Amino acid sequence: MSKKPVRVAVTGAAGQIGYALLFRIASGEMLGKDQPVILQLLEIPDEKAQKALKGVMMELEDCAFPLLAGMEAHGDPMTAFKDADYALLVGSRPRGPGMERAELLSINGAIFTAQGKALNAVASRNVKVLVVGNPANTNAYIAMKAAPDLPRKNFTAMLRLDHNRAASQIAAKTGKPVSSIKQLAVWGNHSPTMYADYRFATIDGASVKDMINDQVWNKDVFLPTVGKRGAAIIEARGLSSAASAANAAIDHMRDWALGTNGAWVTMGVPSNGEYGIPKDVMFGFPVTCANGEYKIVDGLAIDAFSQECINKTLAELQGEQDGVKHLI
């Protein structure tokens, strides 16, 4: 019995991340090789962007993906999000030269307020929303607040890129395959303040912390390398990380939809007070996923250094949220 197609809305669909993402969704990498999809693609309603989107859709057609059951181009979130089962909010305004962070927050605040309202009005009541566009945590917070009729838990922010970056650095340090690393956590904001935490991580049952046994490397090499990786890629490539961001979005949605079999992954989710994080703060936590739901890993001990790192990233997030309070 073949499955009924699900509707996947993607914003910023003709952008760099969108281009790296759509073909993988259409091939079944995100929701499974037996799940047909209808892509509902949103771009800004400007002639150049809509024309570029048409070109991407022509390429998608030319792949003849068996699972691609339909495609639509949109310039308005009210039509793009209609009955959406999944929404990947990729499009956001990047920070331009000389632009203050407050200005960036304000511009994106308006975008994500409108998108949250549209999701609230027309999306499936079970829609799973992933915000990729930066500042991802705060944009997800804004969208969630603009959608009071949808469950808070349906809104998430992407911390998976930080998680994957941390895993690859640990693999390089230990000489072990990245697939062998279990129970890694990333806490907080998708920004250089995020706290990648391998205190509970294992490789083949052995403690990664004991294996590395180097707090100076952790503090002075590992955390800054993971935190500033995005900037290092811009410096090297002249463009921001698009393919790795798209890959992380696929990982995040696949695990949320299909489950992690007990494995820990990192998602930015609205807090309910876990680990002392105030309610509603969109915060990176270690989670497990099953039956289409995520659950924060509880009962983890937080030592003094970890608490200091968590407090720092929380303070940054609360500062961002205070900066958009007037939009909500």
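Heads up, the Cβ atoms here are built off N, Cα and C, so glycines get one too.
Site annotation (Swiss-Prot, ligand substrate) includes ARG95, ARG101, ARG165; from ASN134, ASN213, ASN218, the additional listed residue is ASN134. With GLY12, ALA13, ALA14, GLY15, GLN16, ILE17, GLY18, GLN115, VAL132, GLY133, ASN134 listed by Swiss-Prot as binding NAD(+), the candidate from ASN108, ASN154 annotated for that site turns out to be ASN108. GLN115 (NAD(+) binding site) sits 29 Å from ARG165 (substrate binding site), taking the C-alpha atoms as the reference points.
Around the Cβ of ARG101 (substrate binding site), the number of neighbouring Cβ atoms within 10 Å comes to 12. The least crowded of the recorded positions ARG95, ARG165, HIS190, judged by other CB atoms within 10 A of its own CB, is ARG95. Cα to Cα, GLY12 (NAD(+) binding site) and HIS190 (active site, proton acceptor) are separated by 19 Å. Within the group of binding-site residues (GLN16, ASN134), the Cβ with the highest number of other Cβ atoms inside 10 Å belongs to ASN134.
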